[in-house]
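A.B. asks: Quick one: the structure is below, and I'll ask about it shortly.
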Amino acid sequence: MSHIVKIYDTCIGCTQCVRACPLDVLEMVPWNGCKANQMASAPRTEDCVGCKRCETACPTDFLSIRVYLSSETTRSMGLSY
């Protein structure tokens, strides 16, 4: 089941989210928008299980990475209205 993984331009290129992901959904790609000259990318969102470990690992005040669970997942967890 695929979830939406959104990476914002507040990414500081620290690699914490990449290292936290148990399924290697994320990887770092070149980007000139921060000192690290890299940012997270999510090329394999079809493998995302929605554990949100990447969100938990993100050290920025505004989470630079967010996982939006699919509607099927939110229904099964009783989170939908």
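Don't overthink the numbers, they just go from 1 along the chain as shown.
The backbone N, Cα and C atoms fix where each Cβ goes, glycine too.
Reproduced below are the annotations present in Swiss-Prot:
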- CYS11, CYS14, CYS17, CYS58: [4Fe-4S] cluster 1 binding site (BINDING)
- CYS21, CYS48, CYS51, CYS54: [4Fe-4S] cluster 2 binding site (BINDING)
- 2-31: domain '4Fe-4S ferredoxin-type 1' (DOMAIN)
- 39-68: domain '4Fe-4S ferredoxin-type 2' (DOMAIN)
A.B. asks: Which of these binding-site residues is closest to CYS48 ([4Fe-4S] cluster 2 binding site) if you go by CA atoms: CYS11, CYS14, CYS17, CYS58?
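C.D. replies: That would be CYS17, the closest of CYS11, CYS14, CYS17, CYS58 to CYS48 ([4Fe-4S] cluster 2 binding site).
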A.B. asks: If one looks at the chain holding CYS17 ([4Fe-4S] cluster 1 binding site), which residues at least 6 apart in sequence have a CB under 8 angstroms from its CB?
C.D. replies: LEU26, ALA40, CYS54, GLU55, ALA57, CYS58, SER64, ILE65
A.B. asks: Would you kindly give the Cα-Cα distance separating CYS14 ([4Fe-4S] cluster 1 binding site) and CYS51 ([4Fe-4S] cluster 2 binding site), rounded to the nearest Å?
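C.D. replies: Rounded to a whole number, the Cα-Cα distance is 20 Å.
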A.B. asks: Among the binding-site residues listed here, CYS51, CYS58, whose Cβ has the fewest other Cβ atoms inside 10 Å?
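C.D. replies: Across CYS51, CYS58, these binding-site residues, the one with fewest Cβ atoms within 10 Å is CYS51.
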A.B. asks: In Å, rounded, how far does the Cα of CYS21 ([4Fe-4S] cluster 2 binding site) sit from the Cα of CYS14 ([4Fe-4S] cluster 1 binding site)?
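C.D. replies: On Cα coordinates alone, these residues lie 14 Å apart.
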A.B. asks: Can you list the residues of the same chain, besides CYS11, CYS14, CYS17, CYS58, whose Cβ falls within 8 Å of the [4Fe-4S] cluster 1 site's Cβ centroid?
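C.D. replies: Surrounding the site, in chain order, are ILE12, GLY13, THR15, GLN16, VAL18, ALA40, CYS54, ALA57, PRO59, THR60, SER64, ILE65.
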A.B. asks: What same-chain residues, at least 6 away in sequence, bring their CB to under 8 Å of the CB of CYS11 ([4Fe-4S] cluster 1 binding site)?
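C.D. replies: Set apart from CYS11 ([4Fe-4S] cluster 1 binding site) by at least 6 residues yet with Cβ under 8 Å, we have TRP31, GLY33, CYS34, MET39, ALA40, THR60, SER64, ILE65.
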A.B. asks: Compute the centroid of the Cβ atoms of CYS21, CYS48, CYS51, CYS54, then list the same-chain residues not in that set whose Cβ lies within 8 Å of it, in sequence order, for the [4Fe-4S] cluster 2 site.
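C.D. replies: Close Cβ neighbours, site residues excluded: VAL5, CYS17, ALA20, PRO22, LEU23, VAL25, LEU26, VAL49, GLY50, LYS52, ARG53, VAL67.
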